[in-house]
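K.L.:
Questions regarding the structure given below will be posed in turn.
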Amino acid sequence: MSSTSITPLMPVYPRCDVRPVRGEGCYLFGERGERYLDFASGIAVNALGHGDARLVKAIADQAATLMHVSNLYGSPQGEKLAQTIVDTTFADTVFFTNSGAEAVECAIKTARRYHYANGEAHRHKIITFANAFHGRTLGTISATNQPKMRDGFEPLLPGFEVLAFNDLAAAEAAIDENTAGFMLEPVQGEGGILPATQEFLQGIRALCDAHGLLLILDEVQCGVGRTGTLFAHEQYGVTPDIMAVAKGIGAGFPLGACLATEEAAKGMVAGTHGSTYGGNPLAMAVGSTVWGIISEPAFLEHVRAMGERLRGALEQMIPNHDALFESVRGMGLMLGIKLKSDSRGFVAHLRDRHGLLTVAAGDNVVRILPPLVINESHIAECIEKLSAGARDYVPPAAA
Ligand SMILES: Cc1ncc(COP(=O)(O)O)c(C=O)c1O
């Protein structure tokens, strides 16, 4: 049993002492007025930083006009954003959600319904990959192999098989008559900023084509400009059949989406799925504003340029602290520094001693996920804080 005593906020998060009350651009301010350089962005959410005037205005205007109506009614606001998404991606159709896990749930349901619609309901099994993270609902924790997320919640949803990431031969060997498709993050986020190899993602696409399977991509963390293209899969020359999106698409407002081709979505007919809030006018105003900004070629070019600068600077810094740092990995502004020991202590040290917010991830990785609107001065400040942090960090003695 846990010794934690109950608190008004259910104590499922090990919250740190930072208590933000205000945000401005790339900075957060705590209750005591202390300032943090925010290279965590709410875990890849605040793509436009804090308090972006365009986003604030869109929210205020829409809130004053019409905040919510039921999906029982027509949705000009939803049609507008869905059309924009269809025009700029592989997708033919979109279902709006309030979170990433809901977008993944919709993706899983869409895949199962596809095979059901084809008269092959037995094809229900989705192959997923080790150290993936797809959310915290019962369905999405069933799609992972991580005991810390699954323990105590059994029985979980059957129909998932978890394989080693980037192992194409294992993926091919696991296909059987019950397989519905594959689901993966092109760049694993929580798992430790681990990109799929080109060979792996292209190989999975080819396996899907050869066996009539669906490719579901989870771009909840790596999508919406984070890697320097609108979606990470564009850098692999591969398109999915179904894709889950969230985080950056709302840039701080709870919004997600499940995108699909017409073929993949053929089972999702009236009555098969729904959400009270999903796609409400306020969320659609946010999504339209964010998408309009982030999908601009010049914006994406900025992300790529800043990503290269930041990565180059991190790579230069590493040899100066080679007892602590091992390597840099990732794409665009989704970067990770792999440490030689557990990353959580260093993330806390950067936060508490140097006012730099980053996020710990699996595989001893410190995630660097700045707002996509950073400039060179933010990069210089981040490197200064990281270097200073590396100099005065004393790792906990090995147990
Ligand atoms: C790749 C991925 N999928 C799904 C999720 C779940 O998103 P949410 O927390 O909005 O439900 C996350 C959240 O971190 C994620 O990184």
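Glycine is treated like the rest: Cβ placed from N, Cα and C.
Whatever TrEMBL says is automated annotation, not expert-curated.
Reproduced below are the annotations present in TrEMBL:
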- Gly100, Ala101, Phe133, Asp218, Glu219, Val220, Gln221, Thr276: pyridoxal 5'-phosphate binding site (BINDING)
- Arg136, Ser275: N(2)-acetyl-L-ornithine binding site (BINDING)
- Lys247: N6-(pyridoxal phosphate)lysine (MOD_RES)
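Where in this structure would I find these features, and how exposed are they?
P.N.:
In this structure, Val220 (pyridoxal 5'-phosphate binding site) belongs to neither helix nor strand by DSSP; it is coil. Around the Cβ of Val220 (pyridoxal 5'-phosphate binding site), a 10 Å sphere holds 27 further Cβ atoms from the protein chains shown.
Classification of Arg136 (N(2)-acetyl-L-ornithine binding site) by DSSP places it in coil, neither helical nor stranded.
Classification of Lys247 (N6-(pyridoxal phosphate)lysine) by DSSP places it within a helix.
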K.L.:
From the binding-site residues listed here (Glu219, Ser275, Thr276), select those whose CB sits under 6 A from an atom of ligand 1.
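P.N.:
With ligand 1 as the reference and 6 Å as the Cβ limit, the list is empty: none.
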K.L.:
Cα of Glu219 (pyridoxal 5'-phosphate binding site) to Cα of Arg136 (N(2)-acetyl-L-ornithine binding site): how many Å, rounded?
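P.N.:
Distance (Cα to Cα, whole Å): 16 Å.
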K.L.:
Whole-number answer please: how many Å between the C-alpha atoms of Asp218 (pyridoxal 5'-phosphate binding site) and Lys247 (N6-(pyridoxal phosphate)lysine)?
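P.N.:
Rounded to the nearest whole number, the Cα-Cα distance is 12 Å.
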K.L.:
Express in Å, rounded to the nearest integer, the largest CA to CA distance found among the pyridoxal 5'-phosphate-binding residues Gly100, Ala101, Phe133, Asp218, Glu219, Val220, Gln221, Thr276 named in the record.
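P.N.:
Largest Cα to Cα distance for the pyridoxal 5'-phosphate-binding set is 25 Å.
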